[in-house]
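> Please read through the structure below; I'll follow up with questions.
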Amino acid sequence: MGLPVPNENVPSIPADEALQALVKSTYTSSSLHFYLNGTRVELQNPNPHWTLLDFIRSQRGLKGTKLGCGEGGCGACTVVLQVRDAKNAKRIKHLSINACLYPLVGVVGKHVITVEGLGSVEKPHPLQERMGKLHGSQCGFCTPGIVMSLYAIIRNAYDPETGKFSLSENDIETKGHLDGNLCRCTGYKPIIQAAKTFIIEDLRGQLAEGEKSSLVEKEKDSDSQDATYLQAQFAGASKLSSRSCGRPGGCCRDNPQMKSCSSDSEGSYATSEEDNKSSKSSLSEDIQSPAAKPIPQIKFTEYCPSSELIYPPALSKFVDSPICYGDEKKIWLRPTTLQQLIDIMTAYPSATIVSGASEIQVEIRFKGSQFAVSVFVSDIKELTTLSVPTDLSKMNELVIGGNTSLTEVEDTCYDLCSKLGQRGSVFRAMAKVLRYFAGRQIRNAASLAGNIATASPISDMNPVLLAVNATVVVRSAKEEHSIPMVSMFRGYRKTAIPQGGIVTHIRIPAPPEGVREITKSYKQAKRKDDDIAIVTAGFRVRLGDDDTVKDVSLAYGGMAPMTVLATQTIKYLIGKKWTTPETLEGALQTLIEDFQLPYSVPGGMAVYRRTLALSLFFRFWHEVIADFKLGEVDSGLVEEIHRGVTSGSRDNYNPHEQRVVGKQIPHLGGLKHATGEAEYVDDMPHYENELYGALVLSGRAHAKVVSVDWTPALAPGLALGYVDRHNVDPEMNFWGSIVKDEPFFALDEVHSHGQPIGLVYAETALKAQAAAKAVKVVYEDLPAILTIDEAIAANSFFKHGKDLRKGAPPEKMAEVFAKCDRVFEGTTRCGGQEHFYLETNAALVIPHAEDGTMDVWSSTQNTMETQEFVSRVTGVPSNRINARVKRMGGAFGGKESRSVQLACILAVAAKKERRPMRGMLNRDEDMMTSGQRNPIMCRWKVGVMNDGKLVAIDADCYANAGYSLDMSGAVMDRCCTHLDNCYKFPNAHIRGWVCKTNTVTNTAFRGFGGPQAMFIAESYMYAIAEGLGMSVDELRWKNLYKQGQRTPFHQIIDEDWHIPMLLEQVRKEARYDERKAEIAKFNARNKWKKRGICMIPTKFGLSFATAIHLNQASASVKLYTDGSVLLSHGGTEMGQGLYTKMCQVAAQELNAPLESIYTLDTATYQIANASPTAASSGSDLNGMAVKNACDQLNERLKPYWDKFGRDAPLSKIAHAAYRDRVNLVATGFWKMPKIGHLWGDYNPATVKPMYYYFTQGVACTEVELDLLTGDHIVRRTDIKMDVGRSINPAIDYGQVEGAFVQGQGLFSIEESLWDSKTGYLATRGPGTYKIPSFSDIPQEFNVSFLQGVSWKHLRSIQSSKGIGEPPLFLGATVLFALRDALLSARKDNGVTEPLMLDSPATAERLRLAVGDRLVKMADVVKKEGEKTFFVAIS
């Protein structure tokens, strides 16, 4: 199609002549006019394949907007659109949107604001400043997107007409403004608290009125709880909430001693003796410590809305006009009227109509779909109307424009249901669904018409529209006709909308006055916020005066290939009296007949889905009775679980604070994260001759590679070349951290979906990715092994052969068990976990012509192995390879080894082409190639005495390694050494097995086998306690280690043993005993909701346990004559604050101000042979190396300090030393002493310690469980950790909270599933793999550190302890508290079988474990040889 654009060189694409004529006559412009951060932009015929994100990131200096997932599920790409409100021309709306999905053409006539438009490090926006100062970022990759979502909130909270600023806790937390943003590091709490500094309520240290306690029951007879205070909720500022809110016009905390709303944006501190005393008094009486320095208070810049970016005045005069632009493969059309759209669809009926592009862009990015002609319709005013009559009493329908945004529909529905009373139930049902429809960014852009046309079988909205008999108005050139929703869906993703038809309106009927009609909506998913539904439902019933059913509609999603009605049940209910038990029972029996799902049903979960179909109707039946006041109803049946606003505390008292060390210094990169100025690998400036690489991945789990045809990828406009196994020396094509058994490029066989076959490279990322999809690979399938059970059956193992023995030798263990009073046996499974760091693996390789050197920038924890294997695969010596990393956008172990592969493959291509080569994996590619936490299954046998004393354990632990070994052997080693958790076994024989399967290679993940092992330990402890009829708390206490006792690997528990103290303190501070009693009362009163509580200890060994050589580090300290210091060490920064801590150590040791210490990056040219930053040892190893270097410098500088005094500036000391020719560069080194365990040494007299020390902690968690759905909330969590003398308590608190929430995900939400037939990973990306979101964290979240101990025995840096991994297992308290709740439910239902709850405790597992009659009714018979659709591989 010839495009009539000013640029005559624009290529054309073939198209219908009618469309060509239309374009020539109407679409005379190919220019996009809009504003970007206050600057006018005009684009002439831009790249039609670009999203808004592609354009933004192509601009110099605008790299803050990140690509995290590409499907609108993580929020890293969030920007704000400033648009005029169609309802009120004087009002400007600020809409957060996903730039990774939003069509570039959609910004025409609008103002786009990115994170750079808010402020900079030199002059940050108050929001950016508070995020930085209040520790709202760790890795920082998600931070710009979160900042922009919060920016939209605070901008919309201000009304310039009235000058009023209205923002509350509920606005921030409960209205879904942050549900489209994910963070993997922080645990969300500090982000929420930074946002709350803008609220207008005067909290004065407490929750706002009406929110007195997040745990106070609303029922009259509820359990009483102490009021929950926000004391010391901010790191570094005790009771800060009572000091500063940032409200326009000045801070509402009028405290003359603390001018929090001054214009001072520096990180200055004010002190309050009163606050210090208050913090100190919060400690238990028996652990009071010496007085410490007053706790700092943080000053904030006042927030003034009048200083914000204005809506560009020129846009008020913007003249809208049709636009068309494109290239030979794709064109975009942007009509401005409905008639123009009709003309397009008449001329080209197969054109794709686009509004928010939330579905279309996913198909393009991940499925390779091509849409030659796309039509953007969101700016057609006729399609965005909402028709609400002035007189609501006469209202008989709501007419919604087809492209009205879902947010607009949601707001309208909330408004109507509040005004219409019972008549408004249909709108209440719609509002409820829309609140949890995707994320806010998508709701701001997506439309109802798009949702209907997509025809997803698990649509949230379609069941409601079907239930209420909505009508869809469709327009074409010839006619306008209405399609009832009952006639809309014709099959999977098929509708009655004719090709070329345009959905102009949706008509929602409202019941007449006086009619007894109720509509309800339901959605069940793995996670409450922003999740794809498992089952959705819309129910409507109209009752006569005699309570008989006059009309009823029961619509379901997730029960068939399309949204369907339960036709048999509807027929059954007509004429029945609603209130009789017989009606309910008959309806349930008929529903089962309506939904006969086979065991292998697509999507899986057959029993759960049928159970939900019954449970949701069961709830609806009771809700109708309750709403019409037809009888008494258990409140637990009709009230879904409600989560209140977040509260909690941090104990900021630190008696060990020094001049720099021990202070709560914000992350040194935090402000750069918040302003978008922090640079990650893919943010680095592009080289003029740079190429972009894209991996070609296996499409089979196990197969022979018959042929690979690269020709289609090399077509004009696609790839410029490729590399595969033929570009590497065959002997050098293998890599691995421990055993070199994994090929960089697949050979004659592929062993997993996602195994790299080769790499294509092109001039742009879009071209390279398209080329990779074009490569044709022919396979010959081979049998695949996916699960641990299949591996055991096939005897498919990697060589491992390690075990632990203590007490009786293996041949005598049978005799030991024979002497035990009771022997318990069981099998426990712990699923894997995706790292889901927000920044996927990325690398940039820059070859240099001279001497063949290379700079390898990689998002890696492991510069040494990156250097080593790039050297190996390219044949270039290591001394010519400079592997570098400045920061990572999260890692969690996933970039310890797996990052190496991409860097090496890009290096091969860079060497071949002698050009820089860049690559960043898409989210699905990363998840297919980078591996996960190892799924582990354990068969255990434990012998005990009747009094609960543990006697012996015999266990076989099996880890699913995937198709290569990677670090799975070492993971299994740690698993075996943590199978005791904190409990003494006189006799133990523990064996580890590493299974070889045809799944992605699994790898290191925060905890490295320890969390799985301790989960197994607590599982057998619960089984034993219940078998003995004993409290599990009593069982734990009886078997806790005591000082001087030995672990199964014969390490002595030394004077650093604080678990008993921690348990006792948490028991008191969390009111554990009282709350257990309260929960027992609650459970006795409630049949359909149950609460549970548990308190669990953890000990986590610190050091590289089975790779002793890695327990070493080097550092370099360079002192310049101006007093500044360049600090280099081998540790990498991934958000854990290592750079900040090391700078604090150096500043403390050198008597220098913190701001004088700087770390550029981590590079192999600076520090050779650096161990990976892993095993929670980064601070221990590198900190001591930094100290060693500083000690050397201090020794050399001592004469000058003696001469000039300790108060002399360092510049004076350095200059004097330089003049005397003193070496101002020092290289430090440290190796961890004491350790040296050798596997196979079972002799207590000779064996050396496995671990340098143990980081310990205790957590207590309370949950509430909805027995009808399996949903739960975490009501409260209290954590106390022994971190030694913290180098930076704020950073350590962030690690504790983030690790706990990540552990909470591991044990209760995150589930990886594989297709049982093809072996591909089905849960790829945020759409199908769910990590905890803002609303999943504990409602009350209290964290403190152990006090009253000196830790003088610790020989670690500043007597601190590693903290990154140890708290993660404590997330299991969520699972075990849920288990506690389940026990009460099962007892009510007469279930007597022992409960073995595997991890994760998903809503499905929880619901089915209730064991009630609905579950039994929904049971599905498995046919011989039938498999579930998806399989978990533990």
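Cβ coordinates come from backbone N, Cα and C, glycine included.
TrEMBL entries are annotated by machine, without manual review.
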> Taking Arg872, Arg923, Arg974, Arg1036 as the options, which does TrEMBL list with Glu896, Phe1008 at the substrate site?
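Answer, per TrEMBL (substrate site with Glu896, Phe1008), from Arg872, Arg923, Arg974, Arg1036: Arg974.
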> Select one of Phe836, Phe892, Phe1204: the residue that TrEMBL places in the Mo-molybdopterin site alongside Gln861, Arg1006, Ala1175.
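The record-listed residue among the candidates is Phe892.
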> For the domain 'FAD-binding PCMH-type' (325-513), would you mind checking the mean pLDDT of the predicted model?
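Taking every residue of the domain 'FAD-binding PCMH-type' (325-513) together, the mean pLDDT is 95.
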> Around the [2Fe-2S] cluster 1 site (Cys69, Cys74, Cys77, Cys100), what further same-chain residues have their C-beta within 8 angstroms of the site's C-beta centre?
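Near the [2Fe-2S] cluster 1 site, the remaining chain residues are Leu53, Lys66, Leu67, Gly68, Gly70, Glu71, Gly72, Gly73, Gly75, Ala76, Asn98, Leu101, Gly145, Arg923, Pro1326.
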> For Cys185 ([2Fe-2S] cluster 2 binding site), write down the residues of its own chain that are at least 6 apart in sequence and whose Cβ falls under 8 Å from its Cβ; none is a fine answer.
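Residues satisfying the criterion: Ser137, Gln138, Cys139, Cys142, Gly890, Gly1135, Gly1294, Gly1298.
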> Using only the residues recorded as binding substrate (Glu896, Arg974, Phe1008), report the maximum Cα-Cα distance in Å, whole number please.
16
> Could you give me the DSSP helix, strand and coil counts for the domain '2Fe-2S ferredoxin-type' (30-118)?
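Here the numbers are 14 helix, 31 strand, 44 coil.
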> Measure from the CA atom of Leu448 (FAD binding site) to the CA atom of Cys74 ([2Fe-2S] cluster 1 binding site) and give the result in Å, rounded to a whole number.
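Cα of Cys74 ([2Fe-2S] cluster 1 binding site) to Cα of Leu448 (FAD binding site) measures 22 Å after rounding.
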> Compile a sequence-ordered list of residues in the same chain as Ile353 (FAD binding site), six or more apart from it, whose Cβ lies below 8 A from its Cβ; state 'none' when nothing qualifies.
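Listed in sequence order: Leu341, Met345, Val375, Val377, Gly450, Ala453, Ile502.
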> Quick one: what's DSSP say for Ala357 (FAD binding site), helix, strand or coil?
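For Ala357 (FAD binding site) - judged by DSSP and reduced to three states - the answer is coil.
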> Ranking the binding-site residues Cys69, Cys74, Cys100 by other Cβ atoms within 10 Å, which is at the bottom?
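Looking at the binding-site residues Cys69, Cys74, Cys100, the Cβ with the fewest others within 10 Å is that of Cys69.
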> Using C-alpha atoms only, work out the spacing between Glu1365 (active site, proton acceptor) and Phe1008 (substrate binding site) and round it to an integer in Å.
8
> Check Arg974 (substrate binding site) against DSSP and tell me helix, strand or coil, would you?
helix
> At the Cα level, what's the spacing in Å between Phe437 (FAD binding site) and Cys100 ([2Fe-2S] cluster 1 binding site), rounded?
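Cα-Cα, rounded: 18 Å.
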